[in-house]
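See below for the structure under consideration.
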Amino acid sequence: MFDESYSIKNFDDVLFKAISDEKRRQEEHIELIASENYVSPRVLEAQGSVLTNKYAEGYPGKRYYGGCEFVDVAEELAISRAKLLFGAHYVNVQPHSGSQANAAVMMALLSPGDTFMGMALPHGGHLTHGSKVNFSGKLYHSVEYGVDSNTGLIDYDALEKLALQHKPKLIIAGFSAYSRILDWARFREIADKVGAYLMADIAHVAGLVAVGLYPSPVPYADVVTTTTHKTLRGPRGGLILCKENEEIEKKLNSSVFPGMQGGPLMHVIAAKAVAFAEALLPEFKTYQQQVLANARTMCSVLQSRGYDIVSGGTDNHLLLVDLINKGITGKEADAAVGRANITVNKNSVPNDPRSPFVTSGLRLGTPAATTRGFKEREITLLSNWVADVLDNVHDETNISRVKTQVLLLCREFPVYA
């Protein structure tokens, strides 16, 4: 039925051009969005495989459809590798995304209207941690904690006071824009004081956790969620982990299926299995060490150029640049740096006076640039280029000069050679 003539190129010119243009953009731009990375050709191969054809409601060995014996192998591989990677007793690889993983955990542990606590979005949290525009803030009563306005660090004493006041049923420890180590033991202590479940969302730092460069929450949290992309460098998807607890495990399984989802995406699960196998290799730890070194180098260079970093530094792959004292908005900075072929994202900073559509900060991350092969030398050059642009976001001649340098560096370090 299908032969090699069935290609997008020969069928859909508009879509083919969009894909080709995106491939060129990835090669000709330096990616500094903290939540993005480049997957390996092996991951791409799995995700584009015939496993996309197979419907497989249920779990390995307990499917509602026949013909699942081979996709069962893929899912069992993903599960066993994730258990080994994170030291977890239970793993569910079926969530389509990190947000759906978080939603499944909440469905398993909470009832509509229950109170839970999460980090405020402007302070570095995530939409699913209680934002009023998200399901988490609509279906449940969310109480937000934040960072100290002077230090930029989580104020655990204030968090504890809020917990004692509101008696949440669940506390979420996690972030999308926080550059420091979370004190899992303190979170556990606070949760125990009020009889709350503790959920850790490690979507941003999962790769660092997997190799021991960031403390693991698995021994402390009742449930851990993550995405499988970002620092983990796998396909876009979600993952749920926990230590041994038969009651919670059963709740999580039924919450994911049939509670949240129908058929799992078996081609994505196969891609997760490949990514987890890659993450178990010694070179993955070397990569994560470089991610961390690059983030610290970027932080140091930008500080030397007069830019404020929220919390004063970084312990992971990201940093949050506070532009309030520079008199420019995150939106302006994002656009200007983008014109130099450096991709970043505007981001709110703690106590930001501007709206989330404008913001007063930039979030920068090093996972993708490190995958590309950048080390301290390249990151130093790159960080200075970012500062050059930010020094005058309206100087198009300077932006053009930086863009030329970016293109030369991109050719030296292709993504897919």
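In case you wondered, yes, glycine gets a Cβ from its N, Cα and C as well.
Annotation comment: Swiss-Prot describes L121, G125, H126, L127, S355, P356, F357 as (6S)-5,6,7,8-tetrahydrofolate binding site. When secondary structure is read from DSSP and collapsed to three states, G125 ((6S)-5,6,7,8-tetrahydrofolate binding site) falls in the coil class.
Per Swiss-Prot, the feature N6-(pyridoxal phosphate)lysine maps to K230; the stated evidence is sequence analysis. Annotation note: K230 (N6-(pyridoxal phosphate)lysine) sits in a helical segment as assigned by DSSP. The Cβ of K230 (N6-(pyridoxal phosphate)lysine) has A34, S35, E36, N37, A203, H204, A206, G207, P367 as same-chain neighbours under 8 Å, each 6 or more residues away in sequence.
Look at Swiss-Prot and you will find H229 tagged as site 'Plays an important role in substrate specificity', backed by sequence analysis. Residues within less than 8 Å, Cβ to Cβ, of H229 (site 'Plays an important role in substrate specificity') and separated from it by at least 6 positions along the same chain comprise S35, E36, N37, V39, P235, R236, G237.
Binding-site extent for (6S)-5,6,7,8-tetrahydrofolate: residues L121, G125, H126, L127, S355, P356, F357, maximum pairwise Cα distance 16 Å (rounded to the nearest whole number). Annotation for P356 ((6S)-5,6,7,8-tetrahydrofolate binding site): spatial neighbours L121, P122, S348, criterion Cβ-Cβ under 8 Å with sequence separation of six or more.
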